[in-house]
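Student: Before we start, here is the structure in question, set down as structure tokens.
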Amino acid sequence: MANEEKMAESDGYICPPCRIYYPTPQEFINPLTYIASIRAEASQTGICKIVPPQGWRPPFAVNEKKFRFRTRLQPLNSIEGNSRQEGKFLESLRMFLYRKGTPMHELPTLNGKVANLSLLYKIVVDQGGYEAVTQQSSWSSVVHNLHELTDLLEVPCSTIEEDTRSLYSTWLLPYEIHQKGLEKSTSKIQNQGDVVNSPEHPSGTALPVKRGRGRPKKVDLSDGSNVGSPTPCSPPDQRVESNESAQSTPIIFPGLIKRGRGRPRKGATSAIRILSSDVPEDVDPAELEPSALAADPERNSRLDPPMVRVGQKFYRSYQGGTTILGEVKKVIGGKKPTVSVEYAGGSKETISYGSMQLLLANGKDSASAELVLTNQICQYCLRGDCWEKMLLCDSCNGGYHIFCLCRPLAEVPQGDWYCELCMAEHEKESNTVSSEKFGFEMGAEYTLASFKAKADEWQQAYFQSSTIPTIQELEKEYWRVLLTPHQKIQVEYGSDIDTAAMGSGFPTIEKVRKVRNRLLDRYNSVHGNTNRDEDPNELGLRRLLAEGLNMDTESNFDYINQIDMYAHSPWNLTNLPKLNGSMLQYLDENIKGVMVPWMYVGMCFSTFCWHVEDHNFYSISYLHRGAPKTWYGVPGHAAAKMEEVMRKITPNLFGTQPDLHMQLVTMFSPTMLRKHGIPVYRATHEPNEFIVTFPSAYHSGYNNGFNLAEAVNFATPDWISWGHVAVQNYKK
């Protein structure tokens, strides 16, 4: 019965809906007055939805040809707080087990679900460790705490307690012992710092944990405990990526070419200098055909990246499935050598030498060329063939042919495997205190059309169907992805796009002024200096359009009237912050994102994470076009409790980043929050609807497909007390 009531309350969604309002045309006249009239009720859900009266629909005013924006890359497996905490812990644990020679083959489960190892480890360690918990027969307490912080179901205690103890002893006990050893070593070093740094005791020999200036540890490679340790064969200097910016210099391997600044790579027997050339080599023309780029599929040793030769032909693929034939026309030497290329059809391009090597390595046919787009290549030889012999690093997902490794393998090993770059990075991180904060990296630049094409293609490929899932199905899948830390999925989000630079989606008074000036110029050119009783500057847009351009079509009249009406509408987000009744009208400066709206271009699952507006302002968001947004809101009165629960759920994240809740980079499941007593409500934001967030109300959400929204802040007099609270919080 309880489950039926819960289903009815949330209507199949993860949490109940927020308030939805349908103002009449009369109520819709003044947005601040209307919002004030619903505030007492609407603020109880943190967010509310306002549906404009029928017929109110501003035209989309963005110049789509000139509108360009950069995205941010969002790794979905790291956005949710628990998943990020678990992911970081899992990587450290799996790397430890790999170094120990007992790589993890699959993630351990508890009660039929993948176990949250980071929380289990912390709970046990906080109670004194494995031995203390076992001696005190406290595994029931461990299970209880684990149930409180995860979705672990209650089952007969004797079974789940023994399973938990067994899982811990198998996977986590060796790690616990190792970590305690590190802590003792570090503590000893700190307590004897004056001795360690004295001339009689050089620090380089007294530190058992930190390696001096990255010098490799001397190891015996005869057994599996040192898999991945440095060998006489050097790993790639850096990971190879398929984008142009990542390949500004040639791929460097011993004996191949000269390094930057002219310093030869250690161990190189020779260095080939790249000279400018536009003259084809005297070779058999057949060797310059794309088919000649094919490598022997039966090879069992590493190949160098291909040399770039004038006249070499190759295939290159682009997003969208287009593949064209190209030809190297000129090689330009220097510190950053480049290559001039001409494609079938006559288009030309200059490419960095390193990117050219990557294209040639996979340029034998269209199928091979597509591998560059997805980075499905070997980091050593750059080729994407022999996929059945490709070994993927379980950290960076970089590929390596087993015969290209410094120590070639006969077959792909079972369980975890890590490349030397990741091993070195992990060792460096484990020996230093990291101050790096989690954030979203910058993505590529797009137009609205190019981003929509990519977003639609991604969504169809992900769901393997052109049929759009329901909003409930998308919500279920979204949280499944976010709560699966080992499933790496990345999306892009065009957020915080300045409308002052790119233009608002609403018609603006400034745009109307420009239209009027153009019409006035045309009007004066038609009528000249003829004496008239009327001043042309006082004529309305409709009159200027009719008499100035000799056009009387009703469609043009309607369009001009729409532009004028919506440009002056108080619900136009470029006007709303400075309306009478908004405290922001007294500010002289147009603060971006606060008084000047920001635009947001989303794709399926792109996310805006839990946050409160700056200074506890109100916010209002309008969806111009595209797929719906899903919003979640927590009322302002529960903000302090919300922050307390976030810290409780992910103590490790807040331990290294105390202001994490202010960074807009972390999600928490409404199910988990409600389990801890936080009231969470949802909304489905459709095009031509507004979402209002109230002061101090935490809110978040995601996009259900390609869409374009616009948002801005405002502050009515009742906000003042909330603003004072924000100032006190900032002081803390």
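In case you wondered, yes, glycine gets a Cβ from its N, Cα and C as well.
No curator has checked TrEMBL annotations; they are predicted automatically.
Below are the features listed in TrEMBL for this protein:
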DOMAIN    18-59  domain 'JmjN'
DOMAIN    83-180  domain 'ARID'
REGION    184-264  region 'Disordered'
DOMAIN    375-425  domain 'PHD-type'
DOMAIN    565-731  domain 'JmjC'
Student: Report the listed stretch (18-59, 83-180, 565-731) having the maximum count of Cβ pairs within less than 8 Å of the domain 'PHD-type' (375-425).
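Tutor: It is 83-180, which has the most Cβ pairs under 8 Å.
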Student: In the same chain, which residue numbers or ranges, 6 or more beyond the ends of the domain 'JmjN' (18-59), come under 8 angstroms Cβ to Cβ?
Tutor: 505-507, 559, 562-563, 566, 569-572, 576, 579-582, 618, 620, 631-636, 638, 679, 681-683, 685, 688-694, 697-699, 714, 716, 718
Student: Over the domain 'JmjC' (565-731), what does the predicted model average in pLDDT?
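Tutor: Within the domain 'JmjC' (565-731), the model's average pLDDT equals 90.
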Student: By DSSP assignment, list the helix, strand and coil residue numbers for the domain 'JmjN' (18-59), in that order.
Tutor: 15 helix, 7 strand, 20 coil
